[in-house]
Amino acid sequence: MLIVGAGPAGLYAAYYAGFRAMSVVVLDSLTEPGGQLAALYPEKVIYDVGGIPAILGRELAADLYKQAMTYNPVMLLGHGADQLFRLDDGSFLVTTTTGLLIHAKAIIVTAGIGVFTPRRLPVGQEYEGRGLRYFVPNPQELAGKRILVVGGGDSAVDYALMLEKVAASVTLIHRRHEFRAHEASVEQLRASSVRILTPYQVSAVYGDDRVTAVDVTDHDTKHVERLDVDEIVAALGFVAELGPLAEWGMELRQRHIVVDTTMATSVPRIYAAGDIADYPGKVKLISVGFGEAAIAVNNAAVAIDPSKKLFPGHSSDPDRHPTER
């Protein structure tokens, strides 16, 4: 079984496929497990996972990874899925962006929103990695620094609130008067010590080896203010695309993969689960992705070996646990 994507749905699918005594390979172009959860929202509190009143994104990602490793899947992080070749027996050969070749009897695509790349700050791109960043996986790296956050969506506001706890100072600029972020988060922002500048944009970036200052320009008055900063966190949104997956022959709908009630795609033995899967009434929640992953794995198991039962029993029943793989 090949699982493409190591986000929440993919990690749970890896666990469940192991529970069903399948050999599992997990691919993800990101170098850390957890998908968007770990890359974009590590310090965001998640409240809507059943049985867990509240948990940080990075903690949930770590727990899912630990659970996924129960049956020792092969975890190939930093390797993106590339070309797909179907063999005469119905199985597949998949090449990776790093040159690996994987043989799979079935595939589950749990690629979230696909390959996502941050929208670049229009100025100062030469400082990327030297004071300009687009992700904050570890806020402690910015402890004691003067931070400028750029953006008006949920990520920007979340980053500003997260970094307020550790930074020397945080300034948030947005090119519009109104924020796109969740109303409750914006209220929390306005009650915080974060300095808010709207409607401002970064017009110039200064520095030597690293960023030292920026000019920000008021969109309405054209007033320019220079800010001394140590780090710029640009949270301007992301451009998402399916990448090579779009060429695999699956029916697509608005960059999502169309599935039926078994999570099967239009290509036999390829399934999809999580945010990338689309069907009438779809709701994009982590908890929904878990259920879709289990449905996909169980149906894939039967597609590979029709003698297997669709429902394998409960994990709490000791004699239902697989002893051989």
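If you go along the chain as it appears here, the first residue is 1 and each next one adds 1.
Keep in mind that glycine also has a Cβ here, set from the backbone N, Cα and C atoms.
Because the structure is a prediction, the values reported are computed rather than measured.
The Cβ of ASP275 (FAD binding site) lies under 8 Å from the Cβ of GLY7, ALA9, GLY112, ILE113, LYS284, GLY289, each on the same chain and at least six residues away in sequence. For ASP28, GLN36, TYR41, ALA81, PHE116, ASP275, SER316, the entry in Swiss-Prot reads FAD binding site.
DSSP gives ASP275 (FAD binding site) a helix state. Counting other CB atoms no more than 10 Å from each candidate's CB, the binding-site residues GLN36, SER316 peak at GLN36.
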